[in-house]
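Listed in Swiss-Prot:
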| type | residues | note |
| --- | --- | --- |
| DOMAIN | 19-55 | domain 'Oxidoreductase-like' |
| DOMAIN | 75-177 | domain 'FAD-binding FR-type' |
| BINDING | 157-172, 182-214 | FAD binding site |
């Protein structure tokens, strides 16, 4: 009977049941991660083909999602427990996840993670950048904006403290080194502020880093500006300046006095970018993060302002 069972296990049908399933487009976050979910699929498919050819199922064994807190892994989704959720605006949350003991997440400033969610039996993945300091111990935080028709938004809005969420990473091609640039020009729209936060904090936390920083945050209204207290605190450092561009407000009269002189109205366009570049105290290197349309437009404006393609990075 045992021999018959082993023969049944080696039938074509049995092997086809073990064949990896190709991911749906919704399972790709679209941020250019390496390894991408499709890279992992092709890896697992090659492993399956080798196992089938040799009739050796042990070759199929690979990393699976870990159900308890563990070290972050770019190939394996790891569960982290939600320990706090703060609503920053009507549609945006700051979510804190626990790390085991006093461990650190292990990301370099500006790197991002991939979140996996399941809604209506459909698996989806999206990229988010932690906003907590790179050296934060025992936790990490992410900034998540929810959209009315977004699948991941439905998943995030179902979260409660004590729930777990699955992440993998880190990913990202920008690596900041102290004093690497004379000045950083940080241009962010909405939640594109996220990768700028740990980069900025790593500079101000390091008394030996003398990099100048000019941060420009683009938002619809004053109320929609994220992390106001943090940004105000950062602007007190001798080497940091912050500016804001509000697209749906037209007057500074209703703004707090501390924002009136550093807020522009309308959109971040070519003229303002030329002014920002010319006002930099040292030769700037620009970091840009926002929607695809925003990053494309800003890249064009930076070139018109005299920067070269190797003088900016698009997240």
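Numbers here mean position along the shown chain, with the first residue as 1.
Placed from the backbone N, Cα and C atoms, the Cβ positions cover glycine too.
The structure, with features from Swiss-Prot marked on it.
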{"residue": "157", "record": "FAD binding site", "DSSP class": "helix"}
{"residue": "164", "record": "FAD binding site", "DSSP class": "strand"}
{"residue": "171", "record": "FAD binding site", "DSSP class": "strand"}
{"residue": "187", "record": "FAD binding site", "DSSP class": "strand"}
{"residue": "194", "record": "FAD binding site", "DSSP class": "coil"}
{"residue": "201", "record": "FAD binding site", "DSSP class": "helix"}
{"residue": "208", "record": "FAD binding site", "DSSP class": "coil"}
- For residue 208 (FAD binding site), list the number of other Cβ atoms lying within 10 Å of its Cβ atom. 6
- Query: When you measure from the Cβ of residue 201 (FAD binding site), which residues in the chain that are at least 6 apart have a Cβ under 8 Å away?
  - Reply: 109, 133, 134, 234
- Message: Taking 10 A as the limit, how many CB atoms besides its own sit near the CB of residue 194 (FAD binding site)?
- Response: 24
- Note on the structure: In this structure, the one of the binding-site residues 157, 164, 187 whose CB has the fewest other CB atoms within 10 Å is 157
- Count the Cβ atoms, other than its own, that fall within 10 Å of the Cβ of residue 171 (FAD binding site), considering every protein chain shown. 20
- Over the domain 'FAD-binding FR-type' (75-177), what does the predicted model average in pLDDT? 93
- How do the residues of the domain 'FAD-binding FR-type' (75-177) split into helix, strand and coil according to DSSP? 7 helix, 50 strand, 46 coil
